[in-house]
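Reading through the structure tokens given below for one structure.
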Amino acid sequence: MAPLLFLPILQLLLLYCTKSAQAQLNISIGSSLTPQGINNSWISPTADFAFGFLAVDGNSSSYLLAVWFNKIADKTVIWYAKTSSNRQDDTIPIQVQAGSILKLADGALSLRDPSGNEVWNPRVTDVGYARMLDTGNFRLLGTDGATKWESFGDPSDTILPTQVLPLGTALHSRLLATDYSNGRFQLNVQDDGNLVLYLVAVPSAYYHDPYWASNTVGNGSQLVFNETGRIYFTLTNGSQINITSAGVDSMGDFFHRATLDTDGVFRQYIYPKSKQARSLWQEQWRAVDALPENICQTIQTKVGSGACGFNSYCTFDGTKNTTNCLCPQRYKFFDNERTYKGCRPDFEPQSCDLDETAAMVQYEMTPIDRINWPLSDYEQYSPIDETECRRLCVIDCFCSVAVFNKPSNTCYKKKLPLSNGNMDSSLQATVLLKVPRSTNSPSMISSGSSKWKKDKKYWILGSSLFFGSSVLVNFLLIFVLLFGTYCSITSRKKTQLSQLPSNSGLPSKIFTYRELEKATGGFHEVLGTGASGIVYKGQLQDECGTNIAVKKIEKLQQEAQKEFLVEVQTIGQTFHRNLVRLLGFCNEGTEKLLVYEFMSNGSLNTFLFNDSHPHWSLRVQVALGVSRGLFYLHEECNKQIIHCDMKPQNILLDDNFVAKISDFGLAKLLPVNQTQTNTGIRGTRGYVAPEWFKNIGITSKVDVYSFGVILLELVCCRKNVELEVADEEQTILTYWANDCYRCGRIDLLVASDDEAIFNIKKVERFVAVALWCLQEEPSMRPTMHKVMQMLDGAVQIPTPPDPSSYISSLA
């Protein structure tokens, strides 16, 4: 009887508990969360998922507002709050400190920092309550139960079963596993009905060509991860395209997720959930399918670095379904944690001033196993053998890798930066990497030692004979020297004048070698070096003590000896404010020297590339001056002069920072292999026009191309190629500038330059002109006359075509 009396009481208790549990499903108005303490998250009914504050990488000073798998030890994040940045199609993860608060009040959800400033809200009102569902979806609902906002509708990098991505939504990979910023890859359900995987430039967010697409333009509808674990793309006609094809594991036994990972692969994962599954499976996430199957082979982009960073290569482990980025030997990562930034050589780049013998002594080609950079070729030879292939790369300062294909006897040369690198087991070729030789090579030491022993006895004998006879010979030498000096001084200048084709247009002064040797103090103070020789500072013994710059022409090709004075005559006929003036010359036997006016402010290279930015107005003045100087050389001289080696080192600045072009008119005097290539290339790495690498005629447009590079350097106050920059996408200025221009983010190029930001319209105009100059097709580039007009603002500048293809032409 007594138990019957307790039955009504038991029923009441059960009813109370049921209603109490039901009430916990709803998160009511007035509820709040804080990063620290026990009240830091709202849990789903089964406790599978949680919404709230999660410490970033175990760091108790920084917290994400996120949704995560609550029963998994590492608290795998599946959603995190973001806010829009000022960059196109970019968002920034919300990270807050202790003292912040998330509160559901006044019909809205709001996150405020310790100072009370709102840092995030989902931008909905009239919220009646919230729910953390067992599907992993966090919802805000109205008092009528209608969904106002849900985390499934604002995905991050992951989707879960029952989640649907409609047209116009996207998944963004993280930059790193512990860096929740937008990464280098996107999965877009485009408005046009196409499902596309993109490689995205960082930080400009410029979209490169897709590396995978469903090809369903006009037919696609939505991406579905259904409740059974299948992922498919539905079409408007009701049919489906399977995105993953893995066998579906029980939803009751396993947690499921699909994530666009940091390496650009969209993977479906499972994790043992039930006791039975945990007894059979290791408690960790296991990838059961992936798209694309092998991203190392899939991404082959004309612009950008590929799956990994520049100068690195991608490897794929099919058994673990993982990728890895590695550096070739003698290269190292810019940042060991952020390997996407690529690799750089751990040795000094080869100088283009080395002759063939020096290059062969200092560098060698070493084989590397099955690694290929398929889109970095700039030269091809066939038929050829491997030995010659090696030699041609070693003596070419542009060449970093050679690939020899034995079946076809073909050699391909590649240059930095290397892109789209991957480990290719099917590659039927020998890949050779150029590296410095070891300076203490045993073979070199032993050969040198044996040679010394062999020649030692002959050296002693020869020295004895020489010194024994020197007393007698010295008397004769003194007499001959005095007499010869007298004759030489009286006839030297007459000899030089007799060699001239015509005296008209020559510089006003003809110097003897002795005069210039004395003026330069024995060629003591070096001002600079270039392809044509070394420049020394000197001072004339005139009333004013005029400072001069003396260039000693070196490595003059034999057939050009007679052309020297003709070229001096041509240069002597040039008179322009923006050209360095030739004061005189010396032509004594093999000694060829040019005497120029001295430029007190040195080269543009020194002026531009230092810790402080030169004033914007001075940079504009230099750009306009250089353009006028080139226009004069190309179109106003009696005989057109193509410079062929335009670079900041060949632009000098006078007392008033007026830009003056130097080294013009010397191009055809130099040996065609001066840059150590067999293609007749002249110029300097980073400034060379694409046509130098092709068997086509060279025109004045090669100077226009080089000017485009210089113009970007003037705008940004940095070199075209900088291997030490923090972001890999900024390594090559011409690529980065093109990305920024296409995205409408020119301000990124001059972010730390207040003067340039104030003149952002002119900056944009200069960048547009530069991109016109950088067109791969020479006929597409403007003349220097047109360039002058565009820089001055005298004509409208149409939008330049995207010069993406010039990746194959830059060094």
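Glycine too: its Cβ is placed from the backbone N, Cα and C atoms.
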(message) Check for me: which candidate out of C325, C327 does Swiss-Prot give as the disulfide partner of C308?
(response) C325
(request) Have a look at N237, N601 and find the one that Swiss-Prot tags as N-linked glycosylation site. (result) N237
(request) Look through N226, N610 and state which residue has the annotation N-linked glycosylation site in Swiss-Prot. (result) N226
(request) Please work out, from what Swiss-Prot records, which of C343, C352 forms the disulfide with C327. (result) C343
(message) So one of N219, N673 should carry the feature N-linked glycosylation site according to Swiss-Prot; which one?
(response) N219
(message) What does Swiss-Prot give as the disulfide partner of C393, choosing from C397, C399, C411?
(response) C399
(message) Can you work out the mean pLDDT of the predicted model over the domain 'PAN' (352-436)?
(response) 92
(request) Give the residue counts of the domain 'Bulb-type lectin' (24-153) per reduced DSSP state, in the order helix, strand, coil. (result) 4 helix, 63 strand, 63 coil
(request) Measuring CA to CA, name the entry from the binding-site residues T529, G533, V535 that ends up nearest N26 (N-linked glycosylation site). (result) T529
(request) Measure from the Cα of C411 (disulfide bond) to the Cα of every one of the recorded positions C314, T529, D645, then give the nearest. (result) C314
(message) If you count other C-beta atoms within 10 angstroms, which of the glycosylation sites N219, N226, N242 is the most crowded?
(response) N219
(message) Distance check, please: Cα of N39 (N-linked glycosylation site) against Cα of N226 (N-linked glycosylation site), rounded to an integer number of angstrom.
(response) 33
(message) Between C-alpha atoms, which of these recorded positions comes nearest to N242 (N-linked glycosylation site): C308, N321, C325?
(response) N321
(message) What does the structure give for the C-alpha distance between C314 (disulfide bond) and N226 (N-linked glycosylation site)? Integer Å is fine.
(response) 33
